[in-house]
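As written in TrEMBL, here are the features:
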type	residues	note
SIGNAL	1-20	signal peptide
TRANSMEM	36-60	transmembrane segment
TRANSMEM	111-131	transmembrane segment
TRANSMEM	157-177	transmembrane segment
TRANSMEM	240-259	transmembrane segment
TRANSMEM	265-284	transmembrane segment
TRANSMEM	305-328	transmembrane segment
TRANSMEM	340-360	transmembrane segment
TRANSMEM	367-390	transmembrane segment
TRANSMEM	396-414	transmembrane segment
Amino acid sequence: MELWLLLWLGLVLILPSSLAADEALSLLQDWHDVWLFRFFLNVLGYTTIIIPGYFLITYLKRINYLQTGRGIFYPVIKACVFGSETKTGLLDDVSLAPRNDADSGSSARQAFKLVFCAAGLQVSYLTWGVLQERVMTRSYGASTPEEEGEHFKDSQFLVFMNRILALTVSGLWCVLFKQPRHGAPMYKYSFASLSNVLSSWCQYEALKYISFPTQVLAKASKVIPVMLMGKIVSHKSYEYWEYLTAALISLGVSMFLLTSTADKHPSTVTTFSGVVILGGYIVFDSFTSNWQDNLFKHKMSSVQMMFGVNLFSCLFTVGSLLEQGAFFDSLAFMTRHSEFAFHAVLLSVCSACGQLFIFYTIAQFGAAVFTIIMTLRQAIAILLSCFLYGHAVTMVGGFGMAVVFLSLFLRVYARSRMKAGRKVPQPQVQKV
């Protein structure tokens with residue numbers, strides 16, 4: 001009798017606690033499906049790396065480690081915290097990344113280079129866009145159309161995959177090809193890296209709530225926050241035509257968003273969450289570009305910038321993934337679905353190759369030609385997405401898209417005319 005009483009008391013005590021644990025687990029799972037909760041969880045993971053790093057850098061500067069430090073770790077700490085700008089000039093390595101003039105080489109060779117750059121950028125980023133939408137909006141493992149399959153949900157793991165491959169490619173490039181002596185403190189890359197990771201996460205996450213064409217047009221409208229960040233961060237001034245084209249871009253994007261219609265695919269429904277996430281992407285990406293502009297005042301090449309930013313991006317993302325336990329869950333998803341593994345690797349390859357094509361195109365033909373190629377890529381990406389995934393675009397929305405891309409081309413034309421006018425009275429500088 002006493003034994004049964006003890007068992008009954010045990011069940012009374014244990015059962016409610018187990019039910020509470022199940023409810024807590026279910027509640028946690030429900031919260032984990034909320035994008036805002038995942039966002040703050042990721043940021044919390046980044047702060048566990050940023051805060052100790054901040055106190056360590058502050059301590060090293062306070063004790064004047066640059067003059068008093070010694071030992072085997074001194075060169076590493078010096079490069080990460082203080083840099084070596086005092087030992088490098090600004091002009092001794094200019095010839096390492098020359099900008100080819102239009103008259104250099106034959107016309108046929110220049111035309112071949114232009115076709116090569118355009119094809120490389122188009123293939124890399126069109127494939128990247130198609131795969132991005134496939135990974136984030138479609139399921140894996142469904143053998144029949146009736147089966148739901150399994151969706152991949154962790155956008156941060158995709159960011160990590162992109163960054164680890166980009167880090168490898170840029171590191172190999174720095175080893176194989178001569179680079180200018182690096183002078184900037186390494187920790188300064190962490191600011192652009194953090195905003196870059198957050199903007200990339202927002203870019204992937206937004207596809208769960210809005211269509212890919214909406215995302216592309218919203219990214220085209222980042223001209224406006226870039227200008228605002230330029231005034232705040234870099235204290236830049238802008239011409240009247242820049243404000244005019246920015247207003248036209250806003251008008252075109254608004255026309256498209258307000259006339260977007262719901263479709264059978266959930267990815268085509270523009271929701272409030274999707275708009276907020278896209279806003280986060282635009283803000284973070286605007287900060288990234290302006291901070292990188294400031295970093296280029298130090299001694300570095302574009303590939304060194306790519307290596308430094310991706311180094312900290314890998315550190316942030318892998319740390320956060322391990323703390324959440326999501327790293328091994330994502331690897332398990334890859335082992336369960338070989339198609340996803342192929343898509344994730346190819347997505348990363350396209351991202352890394354695309355960055356190299358960006359640097360090469362700008363070095364050979366300048367930013368104007370690069371902007372034209374990428375603007376065409378955005379238009380083709382929208383058409384390709386509509387064809388492959390069945391997105392519906394209204395007539396007013398199509399007109400809004402046309403206004404956006406015409407405004408972008410107008411910006412390129414006006415900027416090139418302005419630069420050409422400024423170059424006329426200036427004497428030509430002979431590059432060494």
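Keep in mind that glycine also has a Cβ here, set from the backbone N, Cα and C atoms.
Here the transmembrane segment (305-328) sits apart from the transmembrane segment (367-390); fewer than 3 CB pairs are under 8 Å, leaving out pairs fewer than 6 apart in sequence. Here the transmembrane segment (157-177) touches the transmembrane segment (340-360). Their Cβ atoms form 3 or more pairs under 8 Å, with each pair 6 or more residues apart. Here the transmembrane segment (240-259) lies next to the transmembrane segment (396-414) in space: the count of CB pairs under 8 Å, restricted to residues six or more apart, reaches at least 3.
For the transmembrane segment (111-131), the residues of the chain that approach it from at least six positions outside its boundaries are 212, 216, 343, 346-347, 350-351, 353-354, 357-358, 360-361, 364-365, 369-370, 373-374, 376-377, 380-381, 384-385, 388, judged by C-beta separation under 8 angstroms.
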